């Protein structure tokens, strides 16, 4: 008898995309429930979104693969490297949605659209992590970008949000065009290949690795990818978009692109441009150094908390790039992934406090945080500890993450970038401590003296505690000692070079 092949989806490799399917099912369910309830049952929509994300994380752990497995006839590929970044990109929307429940209910903004866009953005960020061809990488990054554009402007009655969306869209469209041109050059120079391994073989057979065309392609891809995190000098959109977008959206922006862009860039550059590695190493090193310097120096001058936290992540992505350039067969990308993991909780913990403060006072001006500790010690707790960790104050997790990152960068010979990194980190400590000092010592009779708990009248007890839950998750992860990150280092060190 002839054996009957199982359906396409039930092959072992294909079932590994069940985490993505869970998110898609959640998106469809949100739309159906919203149509039935006519947008009235907002808490149920939040629960559906959170349930789909948690289910995706559980499925990812249940199907964790250490060996490379191809799905969908060769693209994408699933392995431990990809799974780590898929997990990080599930954590980002999960904590962002959790900390946004109070905001959405109190401001009475469109909940369905928010849940759809933020889940779609997370889904778009997951596919480039495991994509094995240039088309999938580009389309998935555009899914992340388009959802981000819509998120930045979904409060359409806010003029600042509309302005931010327009700047974001124009700059993003330009960068996507440059990235597409870089991919098209690769396609032509490699003899019409889109698979990353086939592109390498095609470039070797056509002897194009040392041509001017491959240099132009590398330049275009670096510029196009440099917009996503963002890196200096492709950061002009960041402060205006952060200031004009809703705070929970800004929190998601500050972490999602810092995970998706390094993951896709690592695979793209590490596989496709492994031979001319010196060219893109130099380019990324220059961008990382300029981002660390400019991001921290400009952040010192900011008066808006959200604008300050727009420039701070610019410097943080510079540190992360050091981890990409410092990769070696012994340690892999362990330093980069470890710091990225810690960075997610540091940033989201800070933004959880800012979101709660903004709901109660209606402002994000730094001087309005004066005397906050005397008015609400609990609200002060999360941003203070997370800011200290972001600055790299020992013995918090941010300190050990930076120490591990800088040490491996030094061993890899990144001498121009690594000596600058601790100096810029000290600058960041200055403006973080300035805010913390303001919270504890200064007095402000205009704003923080009248902090009101506006959540009580507009939220149920379940949703009221959502921001506090996000803080409870983020603060321990941001402040844990160096010994607690040893398991993360062990996992990433032992498995990452199975890309």
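Even glycines carry a Cβ here, placed using N, Cα and C.
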308-327, 448-467, 468-487 - the one TrEMBL records as transmembrane segment: 308-327
Non-local residues, at least 6 beyond the ends, that sit with Cβ under 8 Å of the transmembrane segment (16-37): 44-45, 48-49, 51-53, 55-57, 59-60, 63, 65, 69, 71-72, 78, 86, 90, 112, 115-116, 119-120, 122-123, 126-127
Dominant neighbour of the transmembrane segment (166-188) in 208-227, 308-327, 378-400, by Cβ pairs under 8 Å: 208-227
For the transmembrane segment (378-400): best-contacting stretch of 84-104, 111-128, 134-154, 412-433, by Cβ pairs under 8 Å: 412-433
Distal contacts, the transmembrane segment (44-64) - CB-CB under 8 A, six or more residues away: 15-16, 18-20, 22-23, 25-27, 29-30, 33-34, 37, 80, 83, 86-87, 90-91, 93-94, 97-98, 101, 104, 111-112, 115, 118-119, 122, 463
Cβ pairs under 8 Å between the transmembrane segment (111-128) and the transmembrane segment (208-227), at least three: no
Long-range neighbours of the transmembrane segment (208-227), counting only residues six or more past its ends (CB under 8 A): 171-172, 175-176, 178-183, 185-186, 188-190, 234, 261, 264-265, 268-269, 273, 275-276, 279-280, 283-284, 287
